[in-house]
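This report concerns only the one structure given below.
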Amino acid sequence: MKLRRGVLRAAVLLALLPLLPLLRPASAVEPISLGLAIAGAAASALTGFISYPRLYCYFRECCLQRHDQRAAAALQENLDRKLFGQHLVNKVIAKAVKGFLNNANAKKPLALSLHGWTGTGKNFVSKLVAESIYKRGLQSEYVHQFVATLHFPHAHDIDLYKDQLQSWIRGNVSICPRSLFIFDEMDKMHAGLIDSIKPFLDYYELLDGVSYRQAIFIFLSNAGAEKITEVALDFWRNGRTREDIQLTDIQNSLSVSVFNNKNSGFWHSTLIDKNLIDYFVPFLPLEYKHVKMCVRVEIESRGYAVDEDILTRIADEMTYFPREERIYSDKGCKTVDAKLDYYYDF
């Protein structure tokens, strides 16, 4: 009986192969930089094939492909193994995403705002979140990245950007409720632009027939890094470890700092004023020991034996601040990859 079922299944697969190009769901609308069209009812392209969702997903990535509990577990494992010196980030991101994915009755989308200096891991963490939910990670058609200087370069086009951004989000969430939107360089975002997505982040059950409650929004910014460093330095100078820092020591002052910063992208934003950002996540500046961890992992990922002398030389070549204490790397781990190219004959 099992053999017959296997043969029948194979026959069905072969029969459907020629039809797959006709049955694929409508793809997302064109990138903002190339112009947008409203995706609307694109998901209806699955008509006639919706009875075979698992079969279809053998051939093409599907929305909600990974079970939410598996996604949360994968995220926690990757944060534990790959993220250095960010105990607050590990705790907040893991709990926030896990709780949201496992909540079958969320009242609003999840909105996370990641703050800290360049090289502290903001982009890396957003990548881990994407990979935990979709196998293709940032390359998934259900993960959408926006870079302020690339997609929204001109202040005089802000009204156009607002319309395009709303159309893009509406169209893609119509296709996949569990869409992930990542906004990078928020500190370079034109003031008021991000407020155009306020309705999608609010506590509405439906907007024009579409629910946004399963979507995830992640905002990345350098804004607030000074406040985060100030807290970290105070702890260090008072003889306390960075692990003693709690989210309550930073979060409130961080949100106020970002709200009042004209270069934050959230300047006087209704997203903050209406408490629609669920977590302001501080990325602490990285210390010398964390830079060495980054170097070690990068060498091992390239398949080379770790040369402790080279590892130390690379860490020593990084510049650190404040000038007197030289505690924190001013570029985090951002230039580690380029420095390895110089020392190793890859």
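Quick reminder: no glycine exception, Cβ is built from N, Cα and C everywhere.
For reference, TrEMBL has these:
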type    : residues                                                       : note
SIGNAL  : 1-28                                                           : signal peptide
BINDING : GLY116, TRP117, THR118, GLY119, THR120, GLY121, LYS122, ASN123 : ATP binding site
DOMAIN  : 286-343                                                        : domain 'Torsin-1A C-terminal'
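Taken together, the residues in the domain 'Torsin-1A C-terminal' (286-343) have a mean pLDDT of 92 on the 0 to 100 scale. In the structure shown, across all protein chains, THR120 is the one of the binding-site residues THR120, ASN123 with the greatest number of other Cβ atoms within 10 Å. Cβ neighbour count for TRP117 (ATP binding site) (all protein chains, 10 Å cutoff from its Cβ): 23. Around the Cβ of LYS122 (ATP binding site), a 10 Å sphere holds 26 further Cβ atoms from the protein chains shown. The sparsest Cβ neighbourhood within 10 Å, among the listed binding-site residues (GLY119, GLY121), is found at GLY119. Across the domain 'Torsin-1A C-terminal' (286-343), DSSP helix (H, G, I), strand (E, B) and coil residues number 32 helix, 5 strand, 21 coil.
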